[in-house]
Amino acid sequence: EYTIDVFFRQSWRDERLKFDGPMKILPLNNLLASKIWTPDTFFHNGKKSVAHNMTTPNKLLRLVDNGTLLYTMRLTIHAECPMHLEDFPMDVHACPLKFGSYAYTKTEVIYTWTLGKDKSVEVAKGGSRLNQYDLLGHVVGTEMVRSSTGEYVVMTTHFHLKRKIGYFVIQTYLPCIMTVILSQVSFWLNRESVPARTVFGVTTVLTMTTLSISARNSLPKVAYATAMDWFIAVCYAFVFSALIEFATVNYFTKRSWAWDGKKVLEAQEMKKKEPVALAKKTNNTYNIVGTTYALNIAKDPGLPTISKSAAATATATNVPPKMPRIEEKLPESKKTYNSVSKVDKMSRIVFPVLFAIFNLVYWATYVNRESAIKGMIPKQ
């Protein structure tokens, strides 16, 4: 629905009103309009029309000596405008204003544009006071409407309006873009920073949900998706994918699996088990040697040479040998815990590139479509 304030002028010729006199044009009181024949014009798509009466009825009636009458009035018309919002908020609409005779068919009354189709409808400079639309131009024409009572002439004027996108860029598009960028900041955080990355993911998802609801409330309840709905849906998909990416990285981190091919638990177990095994093996050897020679010395005291030799051997044997030096370097767990996941590395590149490509295709598509529509509208 739209509202238009017009000076509606009608002119017709009535042979019965011819006159001769010193004046060629005779101004008449508007009250005389009820005493003479006037066209029964009505607006086909008008929901409500108001004739201005302050301070007096805003009407003008003139009679020319050849019987031609000019009847002008000021009207405020509330008319219907069918809108297709598939391209919202980059949509362009052609809002019609249709009028014709209510009772007289085309065999009785024929409507024509007095000054032709180019000059019969004029829009005052600066006359468009629309906050959300720009007036691109208008096109006039004539239609024939057939009904059960006959065929009627209908005069049409289509006003081409383009929605201003600035409000929606500030209120919806920029917040959505910033929310997607914010969700991708989590790719640069340490994968062990579970609270921080969880806050990023959940907050951005809730923000996108709020923006989606707010944008939908400013639209009529249409059953199809608009251009803004598609943009919000894709942004929501990016934000939700960032949260899923974090869940994937966190899952493999909790399983102690590093994406560089190293296992943290295996590295720690190798460090703990190998020194213990070597120590046990060395201690068992000392005990066996010491015990064997002690028993032999006690049973055979008559062999001093053997006893000294055994004692010397036992003493020498009790000296713990040097532990073998482990030359093999064990895997470093520090690198594994603090390293960046391959998924994060890929996401830092893939997500921004895909989002940039989507924006390029999205805006290029609708800007080109807008230019094509403007080219179809004749310049006034």
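Using N, Cα and C of the backbone, Cβ positions are placed for all residues, glycine too.
Keep in mind that what you see is a predicted model, and the values were worked out from it rather than measured.
So that you can see what the record holds, here are the features copied from TrEMBL:
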- 2-165: domain 'Neurotransmitter-gated ion-channel ligand-binding' (DOMAIN)
- 172-266: domain 'Neurotransmitter-gated ion-channel transmembrane' (DOMAIN)
- 165-189: transmembrane segment (TRANSMEM)
- 195-215: transmembrane segment (TRANSMEM)
- 227-252: transmembrane segment (TRANSMEM)
- 349-367: transmembrane segment (TRANSMEM)
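When Cβ-Cβ distances below 8 Å are used as the criterion, the transmembrane segment (165-189) is approached by residues 89-90, 132, 196-197, 200-201, 204, 207-208, 211, 214-215, 228, 231-232, 235, 238-239, 242-243, 245-246, 344, 347-348, 351-352, 355, 359 of the same chain, each at least six residues removed from its ends.
With a cut-off of 8 Å between Cβ atoms, the residues of this chain six or more beyond the transmembrane segment (195-215) that come close are 168, 171-172, 175-176, 179-180, 182-183, 185-186, 189, 228-229, 232, 235-236, 239-240, 242-243, 246, 250.
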